[in-house]
Amino acid sequence: MRLTTNIKGLTGEVMVPGDKSISHRSIMFGAIAQGETRIKHFLKSEDCLGTLKMFQKLGVAIEEEGEEIVVHGRGFEALQSAEEPIDIGNSGTTIRLCTGLLAGTDFTTVLTGDESISRRPMNRVMLPLREMGAKITGHEGSEFPPLTIVGQPNLRGMTYKMPVASAQVKSAILLAGLQAKGTTTVIEKEKTRDHTEDMIEAFGGKILTEGKTITLEGPQKLKGQQVNVPGDISSAAFFMVAGLIVPNSRIVLKNVGLSESRTGIIDVIRQMNGKIIITDEDTVNKSGTVIVETSELRGTEIGGDLIPRLIDELPVIALLATQAKGKTIIKDAEELKVKETNRIDATASELQKMGAKVLATEDGLIIEGEQTLTASEVTSYGDHRMGMMLAIAALIVREGNVDLTEAEAVAVSYPNFFEDLHELIQK
Ligand code: S3P
């Protein structure tokens, strides 16, 4: 795809599509709860539609009714074997969370996915789940998908100290814990997104969070709910950065999810002297309007407990840093190596192709500021967030063309990304 370059500015409003993490979970919780769950602003992207189809295969009636997705949950016990392997595509959230969710069933499920999924580490969920009594194996004895989950209805609760900061691992254990006998306690390495905990409470479950320790008693029954999915801050992030680095820009992002566990990028933008305002805050729905304007930015350091609060935004934050005054250092972010692609290497290599000085380190990136980006051929490596970051980078290229291969990957989390971007462009 030939990307748009050399624009005069970006102005206007974007209604950010639904949050990916919350959309996945709303289907999963709707499926295991009793009664109807109605989901507003569900993200109809490849990843989340994959989760929806998966639960249909497991015998759950799910349909679209006007603007809503309706899940007719009949409780965990009513889930049925899909008989065939289920292909979850590119979605790490689906495979990891559902490994926990399905561990306590009385049937066997095989979960498979695309080429990227078959390289993603699964021991991080398989090992703790096995301690709870689960029977899960990877492909030919490895830790990689396809995963075979031989359901074990007698799971036991346990205390687990997490070796990685991962909301997916935490959520897999909590989902298994909901079906297990006894207490399940998860102690986080760093606090990660807490949508699973929020949703267990919203669906009438009991869960206690004290600092980094989360506890629930199993088994528990949940009740269907109305879920209003806020816009995805991880999708809004591309336009936040675009509005800050493209001259003559002002972008209004409506309905952005503002869970404290996800707003690391806003903290970083402020740290970098970026002009960002939040209005219309809705504390119940944890959402609001975010307004950004072209800014004089300065470099910063990003690490420690901030990392899980902006983990998916790091490639586009690296782009932001190329336009700041001074150096930016990103550390403690080794998890980026095991995302849809190795995002440390991919971010460094593709921004380098565009003329930026970006160095990949063991656990992050070092980015020189005030870089002029230049024409190039770049690739998303089939990674949706890499594709969107590069499309934003192209906007500030003044001469020549930027061609992006595997641009279609954006549909994993933001099918209308290019349409929304073009609405904002002042040529
Ligand atoms: C997610 C958690 C994060 C994030 C992913 C979605 C989730 O992964 O990168 O895009 O929905 O729980 P990890 O928990 O593995 O860090």
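Backbone N, Cα and C define each Cβ position, glycine as well.
Where the annotation comes from TrEMBL, it is an automatic prediction and has not been curated.
Note that the structure is predicted; figures quoted are calculated from it, not measured.
According to TrEMBL, the features are:
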{"type": "ACT_SITE", "residues": "D312", "note": "active site, proton acceptor"}
{"type": "BINDING", "residues": "K20, G92, R120, Q168, R343, R385", "note": "phosphoenolpyruvate binding site"}
{"type": "BINDING", "residues": "K20, S21, R25, S166, Q168, D312, K339", "note": "3-phosphoshikimate binding site"}
{"type": "DOMAIN", "residues": "6-421", "note": "domain 'Enolpyruvate transferase'"}
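Proximity of the binding-site residues R25, S166, R385 to ligand 1, judged by a Cβ distance under 6 angstroms to any of its atoms, singles out S166 in sequence order. The binding-site residues in question are K20, R385, and the one with the fewest Cβ neighbours inside 10 Å is K20. Here the C-alpha separation of D312 (active site, proton acceptor) and R385 (phosphoenolpyruvate binding site) works out to 8 Å. In this entry, 3-phosphoshikimate is bound by K20, S21, R25, S166, Q168, D312, K339, whose most widely separated C-alpha atoms sit 19 angstrom apart. In this view, S166 (3-phosphoshikimate binding site) is surrounded by 23 other Cβ atoms within 10 Å of its Cβ, with every protein chain counted.
Taking the domain 'Enolpyruvate transferase' (6-421) as a whole, pLDDT averages 98 in the prediction. Between the binding-site residues R120, K339, R343, R343 has the most other Cβ atoms inside 10 Å of its own Cβ, all protein chains included.
Highest Cβ count within 10 Å among the binding-site residues S21, Q168: S21.
Listed in sequence order, I117, R120, Q168, K339, E340 are the same-chain residues six or more apart from G92 (phosphoenolpyruvate binding site) with CB atoms under 8 A from its CB. For R385 (phosphoenolpyruvate binding site), the nearest of the binding-site residues S21, R25, S166 in terms of C-alpha separation is S21.
DSSP gives R120 (phosphoenolpyruvate binding site) a coil state; it is part of no helix or strand. Counting every protein chain shown, 25 other Cβ atoms lie within 10 Å of the Cβ of R25 (3-phosphoshikimate binding site).
The two recorded residues, S21 (3-phosphoshikimate binding site) and R343 (phosphoenolpyruvate binding site), show a Cα separation of 19 Å.
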